[in-house]
């Protein structure tokens with residue numbers, strides 16, 4: 001049975017662990033700078049818990065903050081052209097995840113621009129990238145925040161849909177003939193040389209293709225094919241990652257409508273913190289208060 005002293009020491013140790021865990025948990029701030037509604041989706045890696053939301057609507061000019069947990073690994077992307085009923089069932093033109101508003105463990109149907117990240121634990125840095133290996137649907141930028149001296153931003157700000165080769169184009173079903181996404185060569189042709197599969201499943205034999213080179217020239221910091229690590233993976237230790245869709249001002253609607261309105265502070269929303277059996281994120285002041293209470297006992 002623990003004595004009062006040993007229980008006190010044990011409790012303080014737990015609080016310190018919680019404090020350290022909290023201090024290294026990052027937040028994802030997702031902003032829609034497009035002049036139309038998007039539906040971001042999130043997918044956790046096999047060893048990571050789901051975030052507090054796995055899919056939601058984000059109107060033009062809106063921004064949300066989603067808390068994560070230490071060591072979280074996964075993807076964030078945006079869907080376009082979605083229609084959902086009151087129960088959250090429907091479909092999207094691009095980036096669909098099983099025809100549901102909440103993706104709930106399902107990834108994006110290609111083509112889709114992806115933000116990928118693995119958060120470090122302790123002193124280990126985060127690894128992050130923006131990938132168009134599975135194709136492209138929207139321009140996006142990911143920028144680490146709250147770091148003295150800063151870390152590298154990455155992304156793809158070019159509108160690849162405008163210069164997408166005809167054989168890779170995904171055309172919307174609205175009858176207007178607008179290109180809503182650009183496939184990868186792997187998806188379009190299914191050949192091992194484009195998919196880095198079979199005898200091409202290594203960095204020596206799988207080289208940049210004509211199509212991946214088009215993507216790379218337009219978006220030099222984004223992953224353009226499976227072995228594009230050298231110029232596309234970045235490290236940091238940030239408290240927040242700002243993920244902005246349609247980062248360049250003046251991006252027009254596919255039908256030539258209005259441009260993006262400025263983001264208003266009143267349109268910043270927060271999703272509730274997620275609590276799992278292994279990670280409890282308490283507000284920072286609460287942790288400090290509890291710590292001092294135990295020390296003073």
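Even glycines carry a Cβ here, placed using N, Cα and C.
Here TrEMBL flags 1-25 as signal peptide. According to TrEMBL, the feature disulfide bond maps to 34-246, 82-92, 97-103, 151-236, 156-219, 164-182, 186-195, 196-206.
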Closest of 82, 156, 206 to residue 182 (disulfide bond), Cα positions, disulfide-bonded residues only:
156
Neighbourhood of residue 186 (disulfide bond) by C-beta distance under 8 A, where only residues 6 or more apart in the same chain count
133, 194, 195, 196
Residue 156 (disulfide bond): tally of other CB atoms within 10 A of its CB
24
List, in sequence order, the same-chain residues at least six positions removed whose CB sits under 8 Å from that of residue 103 (disulfide bond)?
41, 42, 43, 54, 55, 97
Could you tell me which of these disulfide-bonded residues, 34, 92, 151, has the fewest other Cβ atoms within 10 Å of its Cβ?
151
Output, ordered by sequence, the same-chain residues six or more apart from residue 164 (disulfide bond) with a CB under 8 Å from its CB, or 'none'.
136, 179, 182
